[in-house]
Amino acid sequence: MKGSLVRGATTDDARLLHTVKPLRRTIFNRVFAAIYAPAILTLLYYHARTLIFSATLVSFSATLALLFSDLVLAFMWVTTQTFRICPVYRKQFPENVEKILKRSDFPALDVFVCTADPYKEPPIGVVNTALAVMAYDYPAEKISVYISDDGGSALTLFAFMEAAKFATHWLPFCKKNNILERSPEAYFGSNHPCTSESEKIKVRYCDIDDVLFIYILEMFFNQNQGT
């Protein structure tokens, strides 16, 4: 899907996908770089000349150290200028996508959610990520979500088994109410209108936490019984 790259464009164009506008401070950044660069080159030239004509080992070592440090600092400064030479302000208009493409023409998306250690990355957080992606305002047949669990944890598997049940309620709820905060944790943690339907959904979401807690207790109990 191609966007519209327009510099200085206005939002009057209903078919515009995004705009790219150079920031006003760009000229000042470039003037500063033009002044600063010769100063750095002059300093490096001075160190190199001093190094060549050093009469003692002490002065040679000191000048070499200064030259090396200034070369490192100069390299760091040059690499940061790539972000300052042409800073831009971007604005997106996702609401215009359907004015350009039919939903049936949307490209297929494959989303990979990766996790490894359920104790360092709580499964409920990974579940929230997957549910948020699944609730995207995107054709269901065009989006696929894959979970990559490098640790092969039974806890993560159990969490997603419970999440699959919850998704049958959460996804229709998001679509029906046009929810923008599609992560359950983010939605229920924000100030959203409280309705009987949302309260029921919240209870179902909290049940996942409770079930996971019980499952963890059972795992520890079984491990202790085995030892």
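The backbone N, Cα and C atoms fix where each Cβ goes, and this holds for glycine too.
Annotated features, as they stand in TrEMBL:
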- 27-46: transmembrane segment (TRANSMEM)
- 52-78: transmembrane segment (TRANSMEM)
- LYS120, GLU121, ASP150: UDP-alpha-D-glucose binding site (BINDING)
Count of other CB atoms lying within 10 Å of the CB belonging to GLU121 (UDP-alpha-D-glucose binding site):
17
Identify all same-chain residues not among LYS120, GLU121, ASP150 whose C-beta atom falls within 8 angstroms of the centroid of the UDP-alpha-D-glucose site's C-beta atoms; report them in sequence order.
THR115, ALA116, ASP117, PRO118, TYR119, GLY151
Among LYS120, GLU121, ASP150, the record's UDP-alpha-D-glucose binders - longest CA distance, Å:
13
Tell me the coarse DSSP state (helix, strand, coil) of ASP150 (UDP-alpha-D-glucose binding site).
coil
For LYS120 (UDP-alpha-D-glucose binding site), the number of other Cβ atoms found within 10 Å of its own Cβ:
8
